[in-house]
Amino acid sequence: SKLAALFEHPLYNIPVPEVTEKDKLFIINPMEKFSLRSSGSDEWVSSSKAETLLLTGKTAYDTYPTWLKFHIGINRYELYPRQDPLLPTLLQDLAMQRIVSSVQKSGGTQLKLIMTFPNYGQALFKPMKQTRDQETPIDFFYFSDFERHNAEIAAFHLDRILDFRRIPPVSGRLVNITKEIRDITTDKKLAKTFFISPAGNVCFYGECSYYCSTEHALCGKPDQLEGSMAALLPDKTLAKRHSWRSPWRRSYHKSKKAEWELNFNYCAQVRETPPYDRGHRLLDLIDMTILDFLMGNMDRHHYETFEKFGNDTFLLHLDNGRGFGTHSRDELSILAPLQQCCSIKKSTYLRLQLLATQPYRLSDVLREALAADPLAPVLAEPHLQALDRRLGKVLVAVEQCLAR
């Protein structure tokens, strides 16, 4: 296994700083029993009266569902640890747990559902919009592109292979539209959008600002639909998140250009602007840029951080559905922060060099990681080949910076 060898490499075993109590997102006594209010809120309630007798030798923590252990494990330095024993179980839960509720997630340009499991865990479901071998049409603007379920799955694994670990776990899943959405939804607006197509397939389209109409309906075969299931982060009432506008955000206009596209020295003013004027925030943003370039994602207008940790923490790489749309073109403008700032973390650079070598080739390790997903093959082969080509271009950009 190339993947196992990669994760055993010294570059993937650089110790994380010691995690103190103040570095944890939640401080919990592992002996204390927690339960969830069944009012539909995500509120955790401490019950000093332990209602359940714990098995001998087990702490209350051992009885928590995997998603809750995932939330408790989040700290200032990482969303989940490198050798996380919870990860296989959490991915399996996302793929296999019974769905007891499906409602549409409000906001956004495209339809997404929030699925709830019997253990109160929740996942964000993005349905399949296009087949693996379809590319984004060349005349499409980045802001009118589809969000792809397989891009969400591949982005999670790529982010882990790059050792960023800033994307919540994602698994593919085949969902039964009839039994797991239509028959159990309490969302009246969503319920009104189901119909049977002329081909006899069950379809629905929901309500949203872009692709929610009969012409863009999501249809099963006859009611089986592929999608990505992403573990939800803790509710914002429990762990506030700060949304930051990216300094290299695109204009989202058909003819206007953003300032960074017109001024090659744009990075100089970013470096003087908080929070990029100190700490590792700018380097973290360049990490995210490299991730986006590798998967061709032009849609990174914002990123988030957990408020509790202030400016000294990792960036969350959320919403990756517009990645992996084209394999035949490389969008070099995504690399602007790297090219203009000429800065990169040494650890990131060394790992990228490692992933360009034969024993740890990026396409090979990602192919292996994706092979375990229920919807494998997740990416068409040309997308995997494009990763190696793009990785070469990132390394060339760094070499040009060194030469300058």
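Using N, Cα and C of the backbone, Cβ positions are placed for all residues, glycine too.
Computed from a predicted structure; not experimentally measured.
TrEMBL lists GLN110, LYS126, GLU147, ALA230, ALA231, LEU232, LEU233, GLU304, ASP319 with the feature ATP binding site. Listed in sequence order, TRP67, PHE70, LEU90, LEU94, GLY121, ALA123, PRO168, PRO169, VAL170 are the same-chain residues six or more apart from ALA231 (ATP binding site) with CB atoms under 8 A from its CB.
In this view, GLU147 (ATP binding site) is surrounded by 25 other Cβ atoms within 10 Å of its Cβ, with every protein chain counted. Under the heading Mn(2+) binding site, TrEMBL lists GLU147, ASP319.
Residues or ranges marked as domain 'FAM20 C-terminal' in TrEMBL: 194-403. Residues belonging to the domain 'FAM20 C-terminal' (194-403) score a mean pLDDT of 95 in the model.
The feature active site is assigned by TrEMBL to ASP299.
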Could you measure between GLU147 (ATP binding site) and ASP299 (active site) for me? Cα positions, answer in whole angstrom. 10
Closest by Cα to ASP299 (active site), out of the binding-site residues GLN110, LEU233, ASP319, is ASP319
By Cβ count within 10 Å, point out the most packed of the recorded positions listed: ASP299, ASP319. ASP319
